[in-house]
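According to TrEMBL, the feature transmembrane segment maps to B:17-36, B:42-62, B:74-93, B:113-132, B:139-156, B:162-179, B:184-203, B:272-292, B:304-326, B:338-359.
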Amino acid sequence: MKQKLPMTSAILTNKFERRTFVLGMAQAGVGTLLAVRLGYLAIFENDKYKAASESNRVNLSLIPPRRGWVLDRFGQALASNRADFRVDLIPDRVVDADATLSTLSGLLGLTADKVGDIKDKMEKARGFQPVEVASNLDWEKFAAVSVRLPELPGVIPQRGYSRFYPTGASVGHLVGYVGPASAEDYEKERNPLLITPGFKIGKDGLEKSFETRLRGVPGARRVEATASGRVVRDLGTREDVPGKPIQLTINAGLQDYAARRIGLESGSVVVMDCETGDVLAMVSMPSFDPNSFSDGIGRIEWKMLSDDDHVPLRNKVLRGLYPPGSTVKPMVALSFLEAGLDPEASVGCAGGLRVGNRVFHCWNHRGHGTTNMAKGIYQSCDVYFYHFAQQIGMDTIATMAKRLGLGQEFPMPYPGQSYGTVPDPAWKKRKYKTDWAIYDTVNATIGQGYMLVNPLQQATMASRIASGLKLSPRLLLDRHAPRPESMGFKQEHLDYIHAAMNEVVNGRGTAGKARLPIEGVQMAGKTGTAQVVGLNVGNGKGGLWKHRDHGHFICFAPFDKPKFACAVVIEHGGGSGAAYPIARDVMTYVFDPAKAMAVLEDFEKQWGGNVQQRMAAKYNAFAAQYGAAAPAAPDEQQASEEVAAENKPMPEPTAAQTDAAPPAPEPVPITDPAEQSAPAPVASPSPAAIPGT
Amino acid sequence: MQRAYIPQIIARQPWQVIIPLTLLVVFGGAVLYSAAGGHFQPWAAMHVARFFVFLVMAMLIARIPQDLFKLSALPIYAILCLLLVLVELIGGIGGGSQRWLNLGFMTLQPSELMKPGIVLVLSWFYSSLPVGEVNGWRAILPPAILLGIPAGLVMLQPDLGTGLAISFGAVIIMFLAGLPLRLFIGGAVAGAIAAPLAFFFALHDYQRKRVLVFMDPESDPLGSGYHITQSKIAIGSGGFLGKGFGNGSQSHLDYLPEAHTDFVFATMSEEWGMIGGLFVLAIFAIVLRWGLKVAMNAPDRFSRLLAAGMTTTIFFYICINMMMVMGLAPVVGIPLPFLSHGGSSMMTNMICIGTIMAVDRWSRRGSSGLV
């Protein structure tokens, strides 16, 4: 009906009024909706948004805690902190990376390779991870960056603390180093402290093992900051709680001395206390400088370290495995005594011994004549041991080797240690599915063949032989530790071995030059030379560095009242002659530091300075040669992985190919210099064991 | 009695709306003063000064006779369309989207002026359309073309917000003009179908993203969702009484984007709380109620539609902006009338106010003529 009506002005007006009313109601409805929404946000959700607004307004910036110190046994710092000025970058906040870096390199005087390092790190870092630009800045440079801050978004100058290792490379492997947390670290531990500029976590060694103890509790600075991060005002600061210190059994002076004394060689020195098992020095050289590692590993430094065939990144004390050579002879002799062998039982050494259808030579192929146990030790006569080892049997020898610590695991706070092998018939059956052969015994008894040990085990062996106590290497100082129990050896057996070992140094033995220049202190020791390649490749004395024999020396002093034991391993030193002078000087330092230091200073003049000076010179040479062209250093994660890879346990010999390892030549006793000649090659010489390079 | 002492020209002004508006603008000035960190420059002083300049303009508009409004409706519309084309051309040459013309002394945004422009031209059209044609195609097609040209041009810019505002004003005029209800219902259904299609095919990426982020602001807390999130934080943290004048951390520490323009309501709410928000809503209610009342009392079809249309234009601004800042609508760049700093929107809104005042004047003259 309505539709049919003609449209009139009145109807339209009426319609307009109705519809306007509807429109007005709709507007009122929207108004009510908005009011309700406003009330919901402002009243009902007030708490939530208040918190959100506060967390916007207040910026909590963490102050990295000062790391706990690492102290030596006398309280001297091996790792401490020093106040410094530093500059970091947060890639996310940087607007123009190139311009920022070029401004910074102008202000801070960064070299091209440093700028390259920073660029690499910026690319690899997740945006929120701070990247270190420079640390240890002087006040002028720090201030220069600080005043230019408005044009350098993302740049954070800070004064804080950085890790400092007073003796540098000497403690590189002992203490480890620190570095910025990697993305993986952050993933594992979602702690905002990890991405705080200037904060570092332990990356290796003790720094890593004792991370939780050393870390401490961060301080905090509450500031009111704008959305772009500009600080408007300070709201308060909470001081950090420094991490707890750890005190080691190490003697800092001795550690440093030993590191310096190794000189240009690649080797390890371990010194232990014969009453407690305290490790007084544990050195692997060459090493890296943990100070510069902790500032970030630069490309030149990385190239320098990874190009070095002396593997400065490997902790040789715990991860280097070597055939121990003749240093096992006192141990083997002790097992003979335990097994009831009369020490006066003799064998005539004519320079070799036929075993089966093969002749095993003595290192002195002219022969030692009638040889009893003492002479077997101090002259290091191989034939004596070939003969009686066959008589006593490998199981007895292997049991003694394990009792004295060879092939054993010691709970040292380092990841990825290598423990080596003490072979016995059961082991060979398990490993190679072949039966133990008599020549395996012959090889093992002179510390060749399958036998592999690390220098710490050698030091432990020396300390156990010296003291007759069941000593285990201890790195953390504990003055209330229980006294170690006795090994249960007969004192007369020990006295016999001690006397023979004393003869090595102070009598008719193989290391007369190792005599201590200390009045009233006599050192007992045993030399060892381990072949690296068969005599068909090289004679072990000269030629390619990598083909030279390893030099070993174990010792303790004073011989009649053992207090200190020491093991020295020099990789490719060309024989024990490279090892025992170092042992002598290190032991001299224990009793008379000044005297030892005088000797060292003379050496360092020939070597071109101390460790630090030599590393600096090498660095400069590399920088001059490669500059920014050196390949980029791996990021922290990769670097520590590569360091770990360096430290992977040595591969076991893959095949039983050690049937007739020739005895390594011993250094000629000073009493008879004419005898310096290499032993004749044997029938089918083959590499004994090739410790990796 | 008092009136006798006050000059006619002043007494006749619609003080019931001018006073609340002035209060609102001064309040807005206070908010802008605080947003500038306690300074009149650069926003607060300009804001209040502009209001008074445009208030005088509105009063002048109010004095324009109805005939002149009708006469100029089509030419003004045509000029605005030309300007829109011009903007498009200049933008095309300059590269990128340009929404304004630089006139030297001010920048003119033709799309902004088109909001009252479309109301004017459609009111004129329906008032001149024979009554009997309201249900026929003649009531639909010409307005559709009149709307389509500017709306299309504005959307091309692309300025979705303004395009919607123009369309909304036009549709409301059609609704009030008495077009059959089924058209609007049908249109709403069609819109419901077209919206998803438009979302996937017609919108620009950044617009689509805004819609998505509106659905879930937390999905993009540092990008587009940042605006909505920060705005809600500002409003929500204000509570009932607010943080106090000059104490808004969200705006002062730059967490709130566009604190002095599109998100001025959030800036205000943070410091003045829900009380301030209700005050603003109340004044808007007074202004809009006055506008619709003027429309209801208007003497003829043209002035009725004109006043209602202008009111609706203001309403649309308010509605979209407040829904946006409270997280009920996606982020579209539409300022809040009388509070947001900005010349173009102030001018548009005051043109609307002035036009409603003109209608008010015509109806009073009409009624006084009767008495």
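Cβ atoms here come from the backbone N, Cα and C positions, even for glycine.
Please treat TrEMBL annotations as automatic predictions, because they have not gone through curation.
Beyond its flanks by at least six residues, the transmembrane segment (B:338-359) meets 13-14, 17, 21, 24-25, 27-28, 31-32, 43, 46-47, 50-51, 54-55, 57-64, 66, 69, 100, 106-109, 112-113, 115-116, 120, 260-262, 264-265, 268, 280, 287, 290-291, 294-295, 298, 303-304, 306-307, 310-311, 313-314, 317, 321 of its own chain at Cβ-Cβ distances under 8 Å.
Stretch with the most C-beta contacts under 8 angstroms to the transmembrane segment (B:74-93), considering only B:17-36, B:139-156, B:162-179: B:139-156.
By the Cβ criterion (under 8 Å, sequence separation of 6 or more), the transmembrane segment (B:113-132) is in contact with the transmembrane segment (B:304-326), since 3+ such pairs are found. Outside the transmembrane segment (B:184-203) by six or more residues, the chain places 160, 171, 174-175, 211 with a CB less than 8 A from a CB of the stretch.
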